[in-house]
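The structure under discussion appears below in the form of structure tokens.
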Amino acid sequence: MGKNVVVLGTQWGDEGKGKVVDLLTERAQYVVRYQGGHNAGHTLVINGEKTVLHLIPSGILRENVTSIIGNGVVLAPDALMKEMGELEARGIPVRERLLLSEACPLILPYHVALDNAREKARGAKAIGTTGRGIGPAYEDKVARRGLRVSDLFNKETFAVKLKEIVDYHNFQLVNYYKVEAVDYQATLDYVLSIADILTAMVVDVSELLDGARKRGDLIMFEGAQGTLLDIDHGTYPYVTSSNTTAGGVATGSGIGPRYVDYVLGIVKAYSTRVGAGPFPTELFDETGEFLCKQGNEFGATTGRRRRTGWLDAVAVRRSVQINSLSGFCLTKLDVLDGLKEVKICVGYRMPDGREMTTTPLAAEGWEGIEPIYESMPGWSDTTFGVKEHSKLPQAALNYIKRIEELTGVPVDIISTGPDRSETMILRDPFDA
């Protein structure tokens, strides 16, 4: 039987999942996105050439891999067409390698308009969304009024359904948010112009994956964002609108939950966060600037500067718990090169003086938290591009070992640079 491996983020996203998925897909036959939308930004660097993917799975660059967008993904037709066009211009036959679930909810212009209108109305209390309509599209899905890829098979019925939902959302946009209405005809004309392209890629994803599993094929599930942004388990309300955890794999793809064999958690060697929300280890000093500059911490999707801080082992332990992680991939270790001292948060001191070694459950519980740090010597020798475990500086090895001790999870892969080749695989998830 084949192995099914999940790759997901253990922090607030931007951990380096895309590179790891691309690397491991050398052995996989299928790569599946199961949640999120084009709010993701997965950066791949292969032989020095950079590719940023937002919606299409990171396996698309591999000839032997079928990439699948599962039902848990909210799909923006315009974003998909743009991404397909960019890849096809480079000679990548996307339409031969990409398949879609007919149950994917569609993100349409009124979702984007609502997203931006709401963020503007929130003012200082804005969530910090990407403004791409992700949340409103999931709202429509749950409210059972959303349009899906399957609706594109009947264009006459689609036109009627679209008119109803455009009128519904325009009422709110115009009368409550005092912004312009979305143009129904322009939306309809565009979607119908590309409908046949999308429907040609539709398959029964659950059936396909079950057949692949029975044949012994290797399947990889690619998560987007990170565990601490999960709609249920994250720092609510400063979260995304989907289940970013391992539990989302089954519901977002149609694979049976017993058929997940290994869950790889991507953990950055320090912490970052985009947008508002709790971040106990955030640094506002020159070390924070150092991490931002050395790590090039600017969003692949929005270009926004990421907030930076020390590694939070308490938060990562929560990810271990929720996702039943099998192993870690430690990324961006090289960014810490040159620091005289590195720190890991091992607990929180609450405003009343109590110490905690677990994360609060509600956003209010994070207020006033002070991180309790454990300090370790840094290293001056470079780890950038190192491909042998034994050649890492001893202080870096000690740092890795301490992460394993604090979380109870082995580091199976170490990334020492952005390129596919700058990686050490100590234990292959497909063989674990």
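Quick reminder: no glycine exception, Cβ is built from N, Cα and C everywhere.
These features come from Swiss-Prot:
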| type | residues | note |
| --- | --- | --- |
| ACT_SITE | D14 | active site, proton acceptor |
| ACT_SITE | H42 | active site, proton donor |
| BINDING | 13-19, 41-43, R306, 332-334, 415-417 | GTP binding site |
| BINDING | D14, E15, G16, K17, N39, A40, G41, H42, T130, R144, Q225, T240, R304 | IMP binding site |
| BINDING | D14, G41 | Mg(2+) binding site |
| BINDING | A300, T301, T302, G303, R304, R305, R306 | substrate binding site |
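Here the features listed in Swiss-Prot are placed on the structure.
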residue	record	DSSP class
D14	active site, proton acceptor	coil
K19	GTP binding site	helix
N39	IMP binding site	coil
T130	IMP binding site	coil
G303	substrate binding site	coil
T416	GTP binding site	coil
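Cβ neighbour count for G303 (substrate binding site) (all protein chains, 10 Å cutoff from its Cβ): 8. The 10 Å shell around the Cβ of R306 (substrate binding site) contains 20 further Cβ atoms across the protein chains shown. Here the C-alpha separation of K19 (GTP binding site) and G303 (substrate binding site) works out to 19 Å. D14 (active site, proton acceptor) has G41, H42, R306 nearby among the recorded positions N39, G41, H42, T130, R306, L333, counting only those with a Cα within 10 angstroms of its own Cα. Residues listed for IMP, D14, E15, G16, K17, N39, A40, G41, H42, T130, R144, Q225, T240, R304, cover a largest CA to CA span of 34 Å. Rounded to a whole number, the distance between the Cα atoms of Q225 (IMP binding site) and G13 (GTP binding site) is 4 Å. Of the listed binding-site residues T43, T130, T416, the Cβ environment within 10 Å is emptiest of other Cβ atoms at T43.
Of all the recorded positions given, namely N39, H42, G303, R304, R306, those whose Cα is no farther than the 10 Å limit from the Cα of G16 (GTP binding site) are H42.
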